[in-house]
Amino acid sequence: QEHAYPADELMPLTCRGRVRGQEPSRGDVDDALGKFSLTLIDTLDTLVVLNKTKEFEEAVKKVIKDVNLDNDIVVSVFETNIRVLGGLLGGHSVAIMLKEKGEYMQWYNGELLQMAKELGYKLLPAFNTTSGLPYPRVNLKFGVRHPEARTGTETDTCTACAGTLILEFAALSRFTGTSIFEEYARRALDFIWEKRQRSSNLVGVTINIHTGDWVRKDSGVGAGIDSYYEYLLKAYVLLGDDSFLERFNTHYDAIMRYISQPPLLLDVHIHKPMLNARTWMDSLLAFFPGLQVLKGDIRPAIETHEMLYQVIKKHNFLPEAFTTDFRVHWAQHPLRPEFAESTYFLYKATGDPYYLEVGKTLIENLNKYARVPCGFAAMKDVRTGSHEDRMDSFFLAEMFKYLYLLFADKEDMIFDIEDYIFTTEAHLLPLWLSTTNQTITKKNTTTEYTELDDSNFDWTCPNTQILFPNDPMFAQSIREPLKNVVDKSCPRGISRAEESLGSGPKPPLRARDFMASNPEHLEILKKMGVSLIHLKDGRVQLVQHAVQAASSLDAEDGLRFMQEMIELSSQQQKEQQLPPRAVQIVSHPFFGRVVLTAGPAQFGMDLSKHKAGTRGFVATIKPYNGCSEITNPEVVKEKIALMQRGQCMFAEKARNIQKAGAIGGIVIDDNEGSSSDTAPLFQMAGDGKNTDDITIPMLFLFNKEGNIILDAIREYEAVEVLLSDKAKDRATIFKGKMIPNYIIDSNLEMENMDQKLSENDSHKQNSEEAPSASQDVGAVSEEPEEGESSDVTDPDSLSPADADSDSVSISNQDSYVPGTDEASAPEPPCTPGDHQPQEQKTETESNSKVNWDNKVQPMESILADWNEDIEAFEMMEKDEL
């Protein structure tokens, strides 16, 4: 409210609101923004869960008074439904509950429901398709096909986008008595069910909204499909329609048969479900253990959750995507709540205090690594700890809610949470809707439903005595084999084809084991329909023709081999590049909380070999471009020099500031509005000459990130930064001096949390060890510097010939992999040594423990240690959420 209202989102690094059209476009991510105070609406029922009833009442008044839903803006149907429509309905649900209790909201007369109905009608034009599947986007003012709508030309939508509507739309119909909303949502679900792949009972990721053809035929439980499965089961719970449970059980059987490879969940092809579609997993699948708890299938839920927790302990957060050997695939983390959600449900199901320890670790990491003066910032890169100027509405709507509920006792709640079901955005819908305004008289018919021979599908609620048969250590016994799965092993999922071979024939050749000089390997390739072509430059090219394989199974093995080779080639290409670096503002009032993503240089000090980094106050040089002798050396000496990009080579700038006595340099992009949020990071190239004479570190910041430092200079004058390979723990930066380390919210009640944890001595040690810093090599896209260097090329723009051994393609089962070295195999992406315990800890690792038994240090002690920063502490307290 202080920094962003009435904008849709808070930008926590620049302390202002994100208004669509006023910030650089982030592509599809911005489709959630509709100039309707998104975060305020999305957070309404969270306030009541946190017992902030007065604040909730004021927030509802703001929504009624200020929010306009009739904006000429194109928004995502999916995001608007789950966040805004769901937020209004969740707010209405708790508002009528409070009014019934008689103390609060006595003036409320269904205003939020009326707004929800208005929004529902604005979303209905998206359903004007022959299939009943909605268009992915709609204009709030003009609909879809209006000349001024600027949308309606799309042909595809994701399965989750079309299949995650039934809870909100049905609730709107049940609340209002208007049946059309539930009818439209059911029609979309019916169509997806009819289009499932009949032999595997799986659905693809994207579907043509006009023809019903699958556009992307890979299938998993993560991005693009996730909440479709969730809403089938929850629609049965909320609406009582048996057909939804029948459909969910059919899909669930297929998921456990093909996708689940414990503890992994790997995408497969819907037509060839024995064949893995990729070798990495995305973070959105972290919701699935929570759904399995609702289903009553606890063992695989515990296994997958534990695997995800081990990844989090390695990287502090769950990367957006990670490989089957637990390397970072996509390094971002936008503070997603799915893992916290599953943690909450597993604790509710098991009562195992281990999951309180897990929750404690999540809160520790949020406060240590994501907390910034104006809120919580998304992680740009979990490996470096750099931040993104982003705090999505789901962070407050879901993360706060689930973490509070994890530690809350029944007496902490002002209502019974068991009377409600959570939507995918964690909004609360009352279960009594199942018997109210049942406007749909004809129930869905689930065609070709096959009775599943599995006791797991009994039509009864799970019995805890069956789930945990006289064994309070049941969950721990499942977790134990997985506790070192990330750090001390190099696991991989066994393909279904390999599994079927058993102890008979040898498993198919793995890409990472392949050696072009091994005759046995060549024979295996021939059997799989893969042939070798020797190129003039000494490389070999791999080509697969499925028709030349010995059998269809061998052809599938060959295709999998080629896909693995593509992954290896891509990984090698990434590892040839330097990883991103970090610029951490350590002076008052930031104290290390703000971390900016920086591009590295191919010259100067290698920060990865100087773990302490380079720390100093910043100074702006004259001339600002740094292309001639520095005229203010007295200002620059022993400082980190700030300069503008352009007009000369990067190396020339570095030499000039080094001559003036600078201890480091930061080049700021001169392209107004550029940002690491929207542009690929690149590394600064040399000038084609020997650059060994440059010994200081040089980093590159885009315009937006650079302006954060420049704005800080204007406001605080003396600004100190740390240049490093990854963000440092604040305890390391300040060498033991006391600095504020606030908890997420006073309502999380650390005393209550500690009390719960102390009651379970046998689990105390689970989260006391600090998460180890990731050692992964990051992928940084290179971009040529205009007028400065022509040596740096974007790998994505290379032709196969230019890309040497790193470019591959697949077309209609005929595949080639050029450039495999004749003498040796590609470097394996994971070896046993990769995850061995390190004898020498990094500074971050050795200083990142937090003693949860100690409360926040008294102010008198803080003043004694750091008297000069009283004012900063007070300001930070004001910023607490």
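In case you wondered, yes, glycine gets a Cβ from its N, Cα and C as well.
Record features, source TrEMBL:
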- E79: active site, proton donor (ACT_SITE)
- D226: active site (ACT_SITE)
- E320: active site, proton donor (ACT_SITE)
- E338: active site (ACT_SITE)
- T424: Ca(2+) binding site (BINDING)
- 621-708: domain 'PA' (DOMAIN)
- 756-767: compositional bias 'Basic and acidic residues' (COMPBIAS)
- 756-856: region 'Disordered' (REGION)
- 782-794: compositional bias 'Acidic residues' (COMPBIAS)
- 795-809: compositional bias 'Low complexity' (COMPBIAS)
- 836-846: compositional bias 'Basic and acidic residues' (COMPBIAS)
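When the recorded positions D226, E320, E338, T424 are compared by Cα distance to E79 (active site, proton donor), the shortest distance belongs to T424. With the fewest other C-beta atoms within 10 Å around its C-beta, E320 stands out among the active-site residues D226, E320, E338.
Here the C-alpha separation of E338 (active site) and the residue listed as 'Ca(2+) binding site' works out to 9 Å. For the residue listed as 'Ca(2+) binding site' paired with D226 (active site), the C-alpha to C-alpha distance reads 10 Å. If you take the Cα of D226 (active site) and the Cα of E320 (active site, proton donor), they are about 15 angstrom apart, rounded to a whole number. In the predicted model, the domain 'PA' (621-708) shows an average pLDDT of 91. Summarised by DSSP class, the composition of the domain 'PA' (621-708) is 20 helix, 15 strand, 53 coil.
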